[in-house]
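Chemist: Before anything else, here's the structure in question.
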């Protein structure tokens, strides 16, 4: 932990180094970054467009999916373009204000995605376990309130991070071995006590993402219990297909984070570039795979996408 003694002026400019130890591979590493970003932007933009314009998709599950697509666009656009600039042009310079802004949007969007996945799990729980009350429980007013709650929660719990980082003096190295600014990765370079940062970051993680994951787990225990009691084989297959796509998205969101935490636990035995690559997987995998999983697994979305692309092709 950093000491509180510092005499040099605090840095206002940082240099993001990308992935130290793999500098000679930056050009090749940039290719999956670019591919994942293009898929994320095109896939999520198409998903949001289809859901907003197709009236048959104006249902709670698809509104939540639309929110997830918007969050994915924000998350990937906040991180990947800067990483590509580092890989291609060695343009790793970022101001303290720019770094803090990136921290805010990355963490706020990540927590918002966790809240959206919880809302989607609740949607599936009501649809399968209490279908007769589905339209009553998940009315348009309820969906709007849930969306506002997700956004307000993410912004309110992450806003203190801005002040916790801004208050720190950075009088040692301003070279950050990362592709983006992350709260604790930046705080470790401060020449002051960061215990408040450590404990606040941990409390935010436990009270949001961990609680969301536990509630999603509980909801799916009830959901799967109800699904396997369905008398009709067709209804069983349909329910499992819908739940399967959602569980796939949940896995892509939480599993990379779990691997990152495990790697940090054994940081003395794991090369630094492994930490950075795993952290980037958390930012790259969900935005890229979410529209693919839902586009393939959800028949209504697949049909709307095919219909839209076919009509556009005929116009051309």
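Glycine is treated like the rest: Cβ placed from N, Cα and C.
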Chemist: Using TrEMBL as the reference, determine which range in 167-190, 239-262 is annotated transmembrane segment.
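Modeler: Range annotated as transmembrane segment by TrEMBL: 239-262.
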Chemist: Which one, 28-50, 62-91, 103-122, 198-227, 274-293, has the most C-beta pairs under 8 Å toward the transmembrane segment (142-159)?
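Modeler: Answer is 103-122, with the largest number of Cβ pairs below 8 Å.
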Chemist: What parts of the chain pack near the transmembrane segment (103-122), using Cβ distances under 8 Å and only residues at least 6 beyond its ends?
Modeler: 61, 64-65, 67-68, 71-72, 74-75, 78-79, 146, 149-151, 153-155, 157-159, 161-162, 165, 180-183, 186, 204, 208-209, 212-213, 215-216, 219-220, 223, 246, 249-250, 253, 282-283, 286
Chemist: Determine which residues of the chain contact the transmembrane segment (62-91) at the Cβ level, with the cut-off under 8 Å and only residues 6 or more beyond its ends counted.
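Modeler: Apart from its flanks, the transmembrane segment (62-91) reaches 16-18, 26-27, 29-30, 33-34, 36-37, 40-41, 44-45, 47-48, 51-52, 102, 105-106, 109-110, 112-113, 116-117, 119-120, 123, 143, 147, 150, 179-180, 249, 280, 283-284, 286-288, 290-291, 294, 300-301.
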Chemist: Who are the chain neighbours of the transmembrane segment (239-262) in space, where the CB to CB distance is under 8 Å and they lie at least 6 residues beyond its ends?
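Modeler: That would be 68, 113-114, 117, 120-121, 124, 128, 209, 213, 216, 220, 223-224, 227, 230, 275, 278-279, 281-282, 285-286, 289-290, 293-294, 296-298.
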Chemist: So if I exclude everything within five residues of the ends of the transmembrane segment (28-50), which remaining residues of that chain have a CB under 8 angstroms from its CBs? That is, six or more out.
Modeler: 19, 22, 57, 65-66, 69-70, 72-73, 76-77, 80-81, 83-84, 87-88, 280, 284-285, 287-288, 290-292, 294-295, 301, 304-305, 308
